[in-house]
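Report on the following structure.
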Amino acid sequence: MWLKLFFLLLYFLVLFVLARFFEAIVWYETGIFATQLVDPVALSFKKLKTILECRGLGYSGLPEKKDVRELVEKSGDLMEGELYSALKEEEASESVSSTNFSGEMHFYELVEDTKDGIWLVQVIANDRSPLVGKIHWEKMVKKVSRFGIRTGTFNCSSDPRYCRRRGWVRSTLIMSVPQTSTSKGKVMLKEYSGRKIEVEHIFKWITAHAASRIKTIYNAEHLKEEWNKSDQYWLKIYLFANLDQPPAFFSALSIKFTGRVEFIFVNVENWDNKSYMTDIGIYNMPSYILRTPEGIYRYGNHTGEFISLQAMDSFLRSLQPEVNDLFVLSLVLVNLMAWMDLFITQGATIKRFVVLISTLGTYNSLLIISWLPVLGFLQLPYLDSFYEYSLKLLRYSNTTTLASWVRADWMFYSSHPALFLGTYLGHGLLIDYFEKKRRRNNNNDEVNANNLEWLSSLWDWYTSYLFHPIASFQNFPVESDWDEDPDLFLERLAFPDLWLHPLIPTDYIKNLPMWQFKCLGIQSEEEMSEGSQDTENDSENENTDTFSSEKEVFEDKQSIFPNSPGRASHCDAEACSCANKYCQTSPYERKGRSYGSYNTSDMEPDWLIWPADMLHCTECVICLENFENGCLLMGLPCGHVFHQNCIVMWLAGGRHCCPVCRWPSYKKKQPYAQHQPLSNDVPS
């Protein structure tokens, strides 16, 4: 997880540097920046109208270019970035769709239950033609969609009873706006009563109703009273302009941020005394001023702060976010981080997508589960101070120059999704290249695995999870799996609880203590024959080969199971030179078998090389053979000792417990108190 988070932060850094690189290229080729002001005089009449349409100002009664230019200047300064965004939005708005309502419930869910937006619905009465023709309706949809106004068509033929109850006996236009200034309040439906069925007149009707919800100030006394008043709103944004009504984007934002930000329009068109505005620091017209408890912030002085809906929306969201905004942001970040698994995972293509789907499901589930206590935590009544300090920290951090760069980059990449996805894919391919190179240097075999090999290993894992051998019902070693023995499947059905046994990884076997069994000579060297020395040398050579082959068991699980089913140990009982002894502290006893007693003429085991927490014994209870001098031994956390090959085969077969005491082989245990060596025992 931390590796994916690191790669995601690195990707964001690459995006930031790439955006600065693009700005440098534009400056080198044209000599302008996105924040550079544009003189409206140098623009064509078509571009001026595009700017007015993006800001939401009507120009139907202004036939001259001079009047249109003055209206652009009255609504705010124009930057190069805003001009570029407006022209691109003009091209992108060609493919705007409208909703067709199927009935009363559909209309209620989308229109009447929407508390923070505006809907424009064309109602078509039974056996009547629509009020707005198809061509004009498409223009209307294109025009109002710039400001987040959603559109739809309700045909009364689909639900005539609802139309009669509403009184829609003729084709008309319905507009829904929030009725109160509180968040998630009731909505009211307004019907268009104008005679002129033209796009500009309908748009003026919409903007007039939206602007009526904005508090308007017409004199200095009212401004002074409002400026010094303290109420529930922590954020207030003022528009000082010489306009009849605020732009449509300003009115649309006032509805979108209902209950969070208060929008105030100061009409200075007929003011004689503007001294108070100078006292509060307002020198230029028009001005967008954000009033916060920390002070005054002039919108438009930093990068990306354009006079448009998208720019001001991202600015206000960063200062006063909703819980839903934070959830969507966390959802995007978590999924971007999860998709990194597609490039970090090496091996077969199917394996990559299986791991990706698993990661996406896990991360999204954890995200939703994590948000549930957070939502409950935010509902506590004693967190007002915490909430206030958190918003204050957001206001301090998001009014900096760095935050304005981040917002500008967000708007740039959101308007160019192909560039965003392309850079993400390129970043992922670089991660895949370096990760593959690193694993090849570590001689990791999974890099070269193909789809069939991985699917085969996945099937083996799945079958081992469902049908791994049961120690209580089968003898060791296991000679066949469930494919060769269908009775195992029936045996599972007879004991349903056994299906729930978890699959325990065998990686812990590598960490179990392992050493060689050695004996100390008690007899004199003259009594040692030359033949026995040769036998010991041969045995040491054989055990050396055994030791090297046993180390491969941990690297390749397939080498754990030998080809011969009768083979249980690398030790030869006939060549063993150690005496048969009782397992000194083992409580496990086998019926019908007697252990040999200690003989002073035999060689004694070297207990000094044994780990301190291992119990002393000279026999493996799995294969029932004595330990040979030079044999490889392995101990479990409970302290019992076995042949390394025997216990590895036991554990790899699914029996993750000690054969003697049934203590879990992967769980630590307090060590036994050490007994004295067998040499101190008095022989009988």
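Cβ coordinates are placed from backbone N, Cα and C, and glycine is handled just like the others.
TrEMBL: automatically predicted annotations, no manual curation.
The range from 234-255, 410-431, 608-629 that TrEMBL describes as transmembrane segment is residues 410-431.
Per TrEMBL, the stretch carrying the note transmembrane segment among 3-21, 326-344 is 326-344. Under DSSP, residues within the domain 'RING-type' (620-662) fall into helix, strand and coil as 9 helix, 11 strand, 23 coil.
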